[in-house]
Amino acid sequence: MGDTITLLSRREIEKMRQAGQLAAALLDHLAPMVQPGITTLELNDEAEKWTKAHGAISAPLGYNGFPKSICTSINEVICHGIPHRKRVLQAGDIINVDVTPIVDGYHGDCSRTFFVGTPSPVAEKLVKVTEECLRLGIEAVKPGGKIGDIGAAIQSHAEAQGFSVVRDFVGHGISKIFHTAPQIPHYGKAGKGKRLRPGMVFTIEPMINEGTWEAVLLDDGWTAITKDGKLSAQFEHTIAVTEDGVEILTLGE
């Protein structure tokens, strides 16, 4: 990931909007499948089929060697969980599903955490707070503001609720390139970091943990889990900085 921040034109942002809307529609399509007894590979295969049927490409497949089309991160998995035929969803699980279709060369990147059956009280609170963190991070985006404003808004809310913010994985610039500048930490201090300018497009994707923020990478080289084995949740949108605020590009129709 380089340091050069590319400002997108209105036409390019429209392309990103089209990709983002398809990503949101894919999550809407997968949501009813998230039930006890289904495997993460079944979710992956349906996502791949649906993406192809809509004339798009699954960006994660083969990206730096990633073997599947989506990421499925269950319970203590923070991010980049690999779908597998033996990973069966159980009642009480939480699962983050992260999708990135490519439409006409542009990436639409978003994720949601779903409940599998009835969640525990702590899981329910964690997921609620994580979604609130995403909303607060987006609300902190203003032209002329700083990247640190985003992380500060997220971190203050998460920690006030007794949770922690993952440090090892951050949001990122995105367009025709999957991951590019700027990096968007989900922690930090308001007024710090690079200035937000109209035309910047990036993801905000807070990963919030029940316990410690520390992560451990598994031997597969992809799956990151919480160091203490406690729960982690995540929500993600791709956004554009506008002349007067912010636009979420990964909203459904």
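Note that Cβ sites are derived from N, Cα and C of the backbone, with glycine treated the same way.
What you see is a predicted model, and the numbers here were worked out from it, not measured in a lab.
When the candidates ASP98, ASP228, ASP244 are compared with the divalent metal cation 1 site entry in Swiss-Prot, which names ASP109, GLU236, the shared residue is ASP98. Neighbour counts were taken at the CB atom with a 10 A radius for the binding-site residues ASP98, ASP109, GLU205, GLU236; the maximum falls on ASP109. Ranking the binding-site residues HIS80, HIS179 by how many Cβ atoms sit within 10 Å of each one's Cβ puts HIS80 at the top.
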